[in-house]
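Student: According to TrEMBL, the record shows the following:
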type: ACT_SITE; residues: B:Thr171; note: active site, nucleophile
type: BINDING; residues: B:Arg199, B:Ile200, B:Gly201, B:Asp202, B:Thr222, B:Gly223, B:His224, B:Gly225; note: substrate binding site
Protein chains: 2
Amino acid sequence: MEPIIIVHGGAGDIPQSRVQGKLNGVKASVAAGQQILAQGGSALDAVEAAVVLMEKDEYFNAGYGSVLNLSGEVEMEASIMCGKNLDVGAVTLIKDFSHPISIAHKVLTNSPHSLLGGEGAKIFALGMGFSTVPPESLISENAKNALNDFLKHGEFGRTEIGIKDEGGVGTVGAVAVDCNCHVAVATSTGGMSGKAVGRIGDTPQIGSGTYADDNIGGVSTTGHGESILKYCLAHSIIKLMESGNDANTATKIAVDGMTNRLNNTAGAITLSKTGDVGINFSSNRMAWAYIKSNKIFYGIEKNEVHEEEYVSEKPSCK
Amino acid sequence: MEPIIIVHGGAGDIPQSRVQGKLNGVKASVAAGQQILAQGGSALDAVEAAVVLMEKDEYFNAGYGSVLNLSGEVEMEASIMCGKNLDVGAVTLIKDFSHPISIAHKVLTNSPHSLLGGEGAKIFALGMGFSTVPPESLISENAKNALNDFLKHGEFGRTEIGIKDEGGVGTVGAVAVDCNCHVAVATSTGGMSGKAVGRIGDTPQIGSGTYADDNIGGVSTTGHGESILKYCLAHSIIKLMESGNDANTATKIAVDGMTNRLNNTAGAITLSKTGDVGINFSSNRMAWAYIKSNKIFYGIEKNEVHEEEYVSEKPSCK
């Protein structure tokens, strides 16, 4: 089949000042992933590469530019899943590495475990050859401002509805199906501004932030983490596809179901195993992009789809 | 409705020497939970009380008697979920508290977050008035022996099939429906013998180790953690019940499905919202017990159900 990749740059009350930066970022990210797929690379490598680019970009709440916890620290988490055998790699409570998603990928390939946290994750990462960076080097001005805003007027669990939160949104994710019909999903985040030290959200929890199954498809989610994990949003979408819904219908039913039950918002990107696309968000905005048939599609507003020609190497395995 | 509670004491290659201790433990645990329900107490309080009793009991891998990580330390995790509003409390990487499930319950009631880990979980627990205990006070002889055995011949990810692992099994859990038709589930564990420092398993991941929804029912799982989380075992059982399967059929389909896909074993206990019981395990043994209509039912072998009269206060809300 023709390989395909879709990415998101986070759902939430994205202020106008950050719209263009996010759109530029998701377009660059999806192109990086698509290049790997076009050369016959694996879905796992493609989603990692797409997420790495967004972890470098301060317009997203992942890696550099992650939001800060109540102690003013970055605490990041990420997960990656392989739909062939359901293998998982995930990390949480990571403070001083640039690319949590790359450590998660190494957990998938080199650890008997699926999820490592805190000091144990650091020990594993150092053993795999990753280098620490000074924690303060991951902190952006925007993240500092977001924490200050939260400390002034923040209301927990409601970052996506009602108040503006400039830095608190922007979890990133990618879903790909490669030319061997393997599905992979990657998700990475800094969590929510002003979170308690030690707070773990939906991103490293499999079935909440991330799910991939070659028999069905893949999902990456973003939004209010505590609600996403209570609803098992990614797995709910997968199960709706398994029972016959197309990717877009399944994504809409589950995002609406979570929002109606828990009164917080979220978004998700979905691919079926055959490459059908699902995009839905109940938050005000969610940046997304995908590349298919030499076109790049992208958007950030509800009911908005931009479409441009995209010149790339021809997929080697079409 | 007549309230009901079911508990498990872990699935795996339970050696004969520990069978009677586990049976005594699950019977005492389920009775402790039933007393709360019979007095009109909540399902949340009942499942916490049932799990607390097993956390105290060295026959189970939770609280005192938890298995040891590669550094010879206890690192525990627990989760509790309320089916009414899907509220969750969970903790992970807890080293020096006697009852992780009680801290998890406080996360549910007193934190804006759902899952706290490591130092952050400790700070929260201390703030809620929990006292630390010396970490070595949680270590049993059996757990030390299990780590030594693992270091001699252990093979990761296969503790439940093929090799005997005396201390590596025994996650505990409870599922209850109270007289107000509210469902709650609690699960607590020390993980697996010889796990890496910082390893987080299925127990604190919602949809893997624990799930509760008043509209459907509740599930607590046990077994090979990495497989359970890859399969989202608890949520898979919930979704099978939602689509019309009874509790026992749903539990069997999902446990078999996980075992066939991932070649590791697990078990689960399930209640539907109307109190129908589901029990299934693909491991050699799993201790379980439930109380219904003044009888206590319990077992540990496949296709074995013991039944005894059980004298209790009459449920106040029958």
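Including glycine, each Cβ sits where the backbone N, Cα and C put it.
Automatic, uncurated: that is what TrEMBL annotation is.
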Student: Return the recorded positions from the list B:Thr171, B:Thr222, B:Gly223, B:His224 for which some CB of chain A is under 8 Å from the residue's own CB; sequence order; 'none' if the set is empty.
Tutor: none
Student: Within a 10 Å radius of its Cβ, which of these binding-site residues (B:Gly201, B:Gly223, B:Gly225) has the fewest neighbouring Cβ atoms?
Tutor: B:Gly201
Student: Note down the number of other Cβ atoms within 10 Å of the Cβ of B:Asp202 (substrate binding site), including every protein chain shown.
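Tutor: There are 35 such Cβ atoms around B:Asp202 (substrate binding site).
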Student: Which three-state DSSP class does B:Thr171 (active site, nucleophile) fall into?
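Tutor: For B:Thr171 (active site, nucleophile) - judged by DSSP and reduced to three states - the answer is coil.
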Student: Of B:Arg199, B:Ile200, B:Gly201, B:Thr222, B:Gly223, which binding-site residues are close to the residue listed as 'active site, nucleophile', meaning a Cα within 10 Å of its Cα?
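Tutor: Those near the residue listed as 'active site, nucleophile' - Cα within 10 Å - are B:Thr222, B:Gly223, in sequence order.
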Student: Return one of helix, strand or coil for B:Gly225 (substrate binding site), based on DSSP.
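Tutor: It is helical.
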Student: Reduce the DSSP letter at B:Arg199 (substrate binding site) to three states and note it down.
Tutor: strand
Student: Measure the Cβ-based neighbour count of B:Thr222 (substrate binding site), defined as the other Cβ atoms within 10 Å of its Cβ.
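Tutor: Result for B:Thr222 (substrate binding site): 34 neighbouring Cβ atoms inside 10 Å.
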